[in-house]
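To start, the structure itself, in structure tokens.
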Amino acid sequence: MTAVTPDVAHADVRKSGRFLFRAAIVFLCAWVLVPIYFLLINTLSSPETVNAFPKSFIPEFDMGSLTFFANFAGMLTALKNSVIVACLTMVLSIAFGAPAGYALSRFDFRGKELFRVLILLTRAFPLPLLALPLAVLFIRTGLDDTLLGLALVHTTLAIPFAVLITFSLFSGIPIELEEAAWTLGCTRFTAFTKVVLPLIAPGIAASAIFAFVISWNEVFAAAVLTIQNRTLPAFLLQSLGTSPLHLKFAGGFILVVPALVFIFAVRKYLFAMWGIANR
Amino acid sequence: MNARTLPYLLILPVTLFLCVFFIYPFVLVAQLAFTQGDGFTLANFREVVGYWKFPISLKNTLLLAAIVVPIQLALSLAMATMVSKMEKGRDLVLYVWTIPLGISDLAAGIIWLAIFEQSGFLNSMMSGMGLIDKPISLLTYEHPWVIFIAIALAEIWRATAIMLVILVAGMGLIPKEYYEAAEVFGASPWKRFLKITLPMLRPSLQTALVLRVILAFEVFAVVIALGGSLFPVLMAETYAYQFDLLNSGAAAAIALIILAISIGFTLIILRLLRVPKGATI
């Protein structure tokens, strides 16, 4: 009889421990989700409700704020610019980054370490500051206030990630597969397009999406480099001081939506890239 | 094409790109910062440092980093440990916790503005609980510490995810055998965390901290969204010099100062958390 009591006490401790553990996880999920939910309420409320007090904690599903956002002069153009710049960034960073990722994973060459250091260095610098001298340079080359010019700067931000992700992806595909294709009559190029590329396509898509998000979210360089052709973050930032609350919230929500979708799409690859990059 | 020249051909585009858009701009920014009219001068730096707002924005930036980064480090370590102990629902929880990774600093600022503005959700909650009669304006110059807390919360909310991802990936690399052995010898969970997880996690901690600290010195849009000009930080000063004052020399000088601080802290972190040679996993 006496021997049972400590066991029961022990089980009690474990039970309450498990309860605390679950409570902490639920709390941290709420910590992430509740602020986004608040933004959703404001977005789906009429402009009057957004400026009223006190706030309801349930959305009223009124499209007033979103309509106001869509009709605000220049807003839809800014949204379109954002999409164009992000797509350009996506294409450029993969086009430049993926070959380098392949080279790093398949070849040992002189200067490989130096090249890796260069890539890692770009991550260790406050890159948006590059926009300042580039603003001057772009005026000289006619790239000032163009979407391509901004996309080039965003590509600099996205390239280290593109190289590291594709490097880890290519490393995950055994070189024997390629060698087998060579013995069966493929050239290096056709072996790549017929064997490696199909295997790696989803991963490439994930790193492209990552590049898209980096560009979509970037504020500082966008605000410095564009004047007429503002992207959405730059436009919102510029009008923060003067725009009404419901415009800010609707704009903020439009900025958040792709993030939710994209993080879901790339969640499998988020961890692989850092695991390799750390070593 | 042979295997000797191919790798160089493959890395050539990205190398050229980085030379033009990464290395060359840094040369240019240094040139801008050290010249005024013609010839070498420190006038830009004297002007920037002598401006009354500089000490405040430097203090604000450093203070914000000093408060936010340690909290994020503790929080992301705790979250990563929790994730590693989970079996059911691990993927869902990880997805939720990494959502802020895709959210920009501007959007995060706007999200927390919805909570802290005068007719916002914090006031609504307080009046619902009967703590206040009418909404109080929180983000004004009368309560600088409320602005500070709001910015710090928004930063912690937004940027803990990037550290979490790096640490979860790092924890995945630690061999399970170490923990099993420690359990056999009767080490408590806390002791296992201190003696196995932390030391083995050093490379990931290094990466996470370097990245996070650099981003902390770049804090900009969150501050503009929540505090406007009431809470000056270095990056906002750079922006103001470039746009409002149209003084790109001074903007470049502040940029170099931010860069120097970033490099300084990167070196300190690398030194403090250096990985002994041959001790990697």
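Residue numbering: from 1, along the chain as shown.
Cβ atoms here come from the backbone N, Cα and C positions, even for glycine.
Under the heading transmembrane segment, TrEMBL lists A:19-40 (among others).
As annotated by TrEMBL, domain 'ABC transmembrane type-1' applies to A:79-266.
The transmembrane segment annotation in TrEMBL covers A:83-105 (among others).
When Cβ-Cβ distances below 8 Å are used as the criterion, the transmembrane segment (A:117-139) is approached by residues 100, 145-146, 149, 153, 156-157, 159-160, 163-164, 218-221, 224-225 of the same chain, each at least six residues removed from its ends. Taken from TrEMBL, the feature transmembrane segment applies to A:117-139 (among others).
What TrEMBL records for A:151-175 (among others) is transmembrane segment. Through the fold, the transmembrane segment (A:151-175) approaches residues 84-86, 88-90, 92-94, 96-98, 100-102, 104-106, 119-120, 122-123, 127-128, 130-131, 134, 143, 196, 199-200, 203-204, 206-207, 210-211, 214-215, 218, 221, 225, 269, 272-273, 275-277 of its own chain, all at least 6 residues removed from its boundaries and within a Cβ separation under 8 Å.
Below 8 angstroms of C-beta separation, residues 82, 85-87, 89-91, 93-94, 97-98, 151, 154-155, 157-158, 161-162, 165-166, 169-170, 173, 177-178, 181, 186, 233, 255, 258-259, 262-263, 265-266, 268-269, 273 of the same chain, each at least six residues beyond the ends of the transmembrane segment (A:195-216), sit close to that stretch. Marked as transmembrane segment by TrEMBL: A:195-216 (among others).
For the transmembrane segment (A:245-266), the list of distant contacts is 36, 39-40, 42-43, 45, 47, 50-51, 64-66, 68-69, 72, 75, 79, 206-207, 209-210, 212-213, 216-217, 232-233, 235-236, 239: same-chain residues at least six beyond its ends, Cβ to Cβ under 8 Å. Annotated transmembrane segment per TrEMBL: A:245-266 (among others), in sequence order.
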Check your understanding: the transmembrane segment (A:19-40): which same-chain residues, six or more beyond its ends, come within Cβ distance under 8 Å?
Key -> 59, 249, 252-253, 256
